[in-house]
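Annotated in TrEMBL:
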- 47-67: transmembrane segment (TRANSMEM)
- 74-92: transmembrane segment (TRANSMEM)
- 98-116: transmembrane segment (TRANSMEM)
- 194-211: transmembrane segment (TRANSMEM)
- 245-266: transmembrane segment (TRANSMEM)
- 272-291: transmembrane segment (TRANSMEM)
- 303-320: transmembrane segment (TRANSMEM)
- 326-349: transmembrane segment (TRANSMEM)
- 361-381: transmembrane segment (TRANSMEM)
- 387-406: transmembrane segment (TRANSMEM)
Amino acid sequence: MQKRSLGVAVVLVTALFFLWGFAINLNPILIPHLKKACQLSDIQSSFIDASTFMAYFFMAIPAGMFLKRFGYKVGILAGLGLFVLGALLFYPAAGTRAYAFFLAAIFIIGCGCTILESAANPYMTELGDMEQPGKGVHLLNFAQSFNGLAACLAPLLGRQFILSGTTYTEAQLKAMPSADLLAYLQHEASTVQIPYLLIAAVVALVAVVCWRTHLPEPQPPQEATSLDWSVLSEPNLRLGVIAQFFYVGAQVGVSSFFIRFAWHAAQTDEKQAALLLAYFLALFMAGRFVGTYLMRFIAPARLLLLFAGINVLLLLLAVFGEGQAAVYAIGGVEFFMSVMYPTIFALSIRGLGPRTKEGTSFLVMAIAGGAVFPVLMGFVSDITHNIQLAYAVPIICFAVVAFFAFKNIAVKEVQLSAAH
């Protein structure tokens, strides 16, 4: 395979990491925003995450079969097409201010992201290993760094173009004339229209570029068959799927409720909290680069165990601390969880060979953890009236990740170390 062709593929696939990272990380903005516009409870607002990540659950296996039959390029184009469709649907959803319509649009975007992630993660790993054996995990962490960049920019731009900064108490809303209330709610809903039209345009442009570019296939397309569940007989893959389920639930929940968390812990208003979230997600991005560098000296499984343990301690501070100390503990959590997804992914698919795409389907399906744990956090918040207590849920999640990392330390790391 020509080196230039490989380089072009790496650049384009890296762009995909940015795109789905941007879409998913607008959820922490949409949750408090639509909570106002559609007058929702915490658990109802968590359905935004549920819609995104249930798409991963339902689409992961079909996406794996589709990729196996048609290859990476066609899969990428299909994912981008669904992404565009979902983004366009935000315009009529805002016009009707129907929460179910918003959730449908978010679900469709989630389906597109599922296909993109099912393709991009193993594709990047295989491209790296084709260039140099063992380079896949390093290249995957590098690409995921741009996912982290998108995660940083999404709340920053969402704060600027979606959040109004205007918040009324429940008593003020009840005292408001019905016409004024309706106008306020409609204005809040309408602020998502232009941003999502722009997102649709950018994604469509990337789709055109991918369509006109040769993307090498590391493995030729195969006849589509029903997914072989026997791949889960591989113990490390099975444990990796469980760890990924818990990790994604923690990652999504920590970020999604942060704006509400910052208000409860330190009375930080939504615009300032969104700015803090952007800064914290910049730490997430920095953590990707730092983690990738550290893997030159520390085996990925050992680094994963260390970072998971630190996050358990930081979340204890977030749950039981007060004021700015609790808020800034979340910034530390964002930094230390940065390398977890790609590292769990790469450790889990190690040695699967031609069954990599099937194994990947289960790992992508595990992203449904992002649909489960935020809802659980919303439930805890609603029944305790304390969003800080809800952050005890991710503590359990990171403990599971630590267990997975511990089990992998004993595994020979020759093919995993980013130094190779």
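We count from 1, first residue shown onward.
Backbone N, Cα and C atoms are what each Cβ position is placed from, and that goes for glycine too.
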* Non-local residues, at least 6 beyond the ends, that sit with Cβ under 8 Å of the transmembrane segment (387-406) -> 42, 239-240, 242-243, 246-247, 249-250, 253-254, 257, 260-261, 264-265, 301-302, 304-305, 308-309, 311-312, 315-316, 318-319, 326, 333, 337, 340, 344, 347, 369, 373, 376-378, 380-381
* **Positions on the same chain near the transmembrane segment (98-116), where near means CB under 8 A and six or more residues out** => 16, 19-20, 23-24, 27, 30, 34, 38, 40, 44, 47-48, 51-56, 58-60, 63, 66-67, 75-76, 78-87, 89-90, 92, 364, 367
* By Cβ distance under 8 Å, which residues at least 6 away from the ends of the transmembrane segment (74-92) in the same chain are close to it? -> 13, 16, 19-20, 23, 63, 66-67, 101-102, 104-116, 118-120, 192-193, 196-197, 199-200, 203-204, 206-207, 210-211, 215
* Asked: Would the transmembrane segment (361-381) count as touching the transmembrane segment (272-291), if touching means at least three Cβ pairs under 8 Å and pairs must be 6 or more apart in sequence?
  -> no
* If you count Cβ pairs under 8 Å, which stretch among 47-67, 194-211, 326-349 touches the transmembrane segment (245-266) the most? -> 326-349
* Asked: Excluding the flanking five residues on each side, which residues at least 6 beyond the ends of the transmembrane segment (326-349) place their CB within less than 8 Å of a CB in that stretch?
  -> 121-122, 125, 136-137, 140-141, 144, 148, 236-237, 239-241, 243-244, 247-248, 250-251, 254-255, 258, 261-262, 265-266, 268, 276, 279-281, 283-288, 290-292, 295, 300-301, 303-304, 307-308, 310-311, 314-315, 317-319, 356, 359-360, 363, 388, 394, 398, 401, 404, 408, 411, 416
